[in-house]
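To start, the structure itself, in structure tokens.
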Amino acid sequence: MKQNEEEWVEYKNVMEDVVKRSGLDKNIFYDLRGNHDNFGVPVIGGSLDFYSKYSINGQLGRSGHVNSVTLTLQAGKQKYLFVGLDSTMSVGLRGPTNLFGHPSDQLLAEVDLELSQWGSQPVKPVSKISFGHFPLSFSASSQSGKTLKDIFLKHSLSAYVCGHLHSRFGKNLKRYHLSSHRFLSSQKFFQFNLNQNPSEGSKNCSFGAPPVQEFWEWEMGDWRKTRAMRILAIDRGHVSFADIDFKSGSKKTIILPTFPLDSRFMSTSSSHHEYECEHMLPSSYETVRALVFSVSPIVSVVAKIYDTRYENLDIVVDAPMTNLGDESSRGDLYAVPWNYKAFQDPSADRFWLQIEATDIMGRTTMTELRPFSVNGLHGKVSWTWKEFFVMGCQWEALYYPILWVCLYFLLLILLIPRAFLFFSRKQITYKNVLAAKGFISGVGLVLQELCNVPIAWFGFLGYLFYLILFPWFTGQVFTDGEDKGYMTYMGWAVKSSDNKSNHDYIGSPDVMVVVLPHLIFVVLPAILSSGALAAERVVHRGKFLSVSGKKKDDYSGLDQRSVRYDSRGNRRSKFHFGGHWIRLILLVLCLVICWKHFKNCRALMKAYEMNPLLHFPVYTLGIPLSLVYVIHKTKRN
């Protein structure tokens, strides 16, 4: 949750070794700051800003938040633009409430300006790639409400390459963005599919037609745990990549097919439009091409194309490829001519490509089969629920709706039963629940009986108002300094490094990782468990009275055979409604809630150097004390 300078020294030494071994110019390396590189940094450029001291960008004096690289190749026919951006917070809070990218309006203006290069020369094709740390699902909007997505759509990037999420969430952490002009669009909150199908309209092949606003977002995994690396290539305007997993060991040969493109991740609606209107470069379609990197000389490379029309892998092309590279290249480009028009098909996944390379040692390496569409059609890919959770949800837009739904729901389940008891003479009894055999009546009994434990009910209500109106806790948000900040559901209020001004409510929506889990997994279960304990006592008592045949307060005539005495001489009934198992389950649930709550408190104590009794006593003790009181009040006599 804060930084270690020893790790930065190690990083600097490793990168210097990489530069030395590769023989490449250090100036062509770019490293970007992420949220972990900003943990606990009170001011950019200060003594605790180790990124500015040890990173390659810092050593080369690249102090700006936007860096661009422009290239012109193939005798000026093709232009390439790479724009890197640093959207970390200007004030580096400690984790875990430092999770989102926070682009400012100034940063967005700089990115827009860099991506506008060659804007006055639309005749010459330009491939634009942007790279940053945060995926757009974890990027906040600027003060004026603008987003990185707006800028990227405006310039129709080839791709935005990002990190942050790590590979444990899945392998398809990719997302296709397409401009939507609908006023009420669910895309502000969700995107349910990795791909989006553009609306079918009339084909406009005039050169003056506005381009489709779109781009791909490709999260690239992490090296730290999964040893993942990506090679990205632009071949005559066609952008492709290969992800390499080094966790199983080093790779002797790496193959990256550069054309035709994988229809699942690399086809866009503009590709289909260009092909239909014949605006594409015909020369880029005339060969199958692949980059091959190998530690040993390659003796043969073969392109294989399979047809799955009849639900079998029927090979239709098996052709040797020719080396087009030269000695100055670190990877060799192989190509083989083909009749691309023979592979036109309305299906995006009928034809599949595989490249096979054999080195001088006799080792054979094959790429995985990948579908392609020369028409530029989308292949279908579905997210898993984890992938949708981190890539398909726009968390900044969702935070406040989820927060207020939770708070209103918690208030309603407390206030509505209380109002019902106040204005109505009728009450829900366990007999009503047994007769109705309904879930709603059971929940009604639970919430009603919580109202009959008034101290607990008022305690939960007061706790909710405390969470809404007061700071949750006070903690050390920076690595140095004595001043502490306080956190509310709106963010952190902290003093600036010069102690002359306040940063009000920074770290929003980052604080959602503390706020929402506490409401959903601690407060809500605590309220329901307390009501269930109270209801269980009432049901047990009612069953006991019905079996004994006595009135509610008449115990004097019980058969002595149904009475036993405890060690203190107190009379206790032998009757057990279902034994003690229901109450035991509820008690175990209360222990789980307390364990979850104290585990979260312990993590916050370590992250922000807090004392639970001094810096957040209400947040820490409110729920456990309420549960202990309810357990005591509902114990059986």
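Glycine is no exception: its Cβ is also placed from the backbone N, Cα and C atoms.
Keep in mind that this is a model prediction, so the values were computed, not measured.
Taken from TrEMBL, the feature domain 'Calcineurin-like phosphoesterase' covers 21-167. Feature annotation from TrEMBL assigns domain 'TMEM62 Ig-like' to 250-377. The domain 'TMEM62 C-terminal' feature in TrEMBL is assigned to 400-617. Among the features that TrEMBL reports, transmembrane segment is placed at 398-421, 455-473, 511-535, 581-598, 613-631.
Outside the transmembrane segment (511-535) by six or more residues, the chain places 96-97, 99, 395, 399, 402-403, 406-407, 409-410, 413-414, 430, 445-450, 452-453, 456, 460, 463-464, 467, 472, 487-492, 583, 586, 589-590, 593, 596-597, 600, 604, 623, 626-627, 630-631, 633-634 with a CB less than 8 A from a CB of the stretch. A Cβ distance under 8 Å defines the sequence-distant neighbours of the transmembrane segment (398-421), meaning residues of its chain 6+ beyond its ends; these are 189, 427, 444, 447-448, 450-451, 457, 460-461, 464, 467-468, 489, 508-509, 512, 515-516, 519-520, 523-524, 527.
Averaged across the domain 'TMEM62 Ig-like' (250-377), pLDDT in this predicted model comes to 89.
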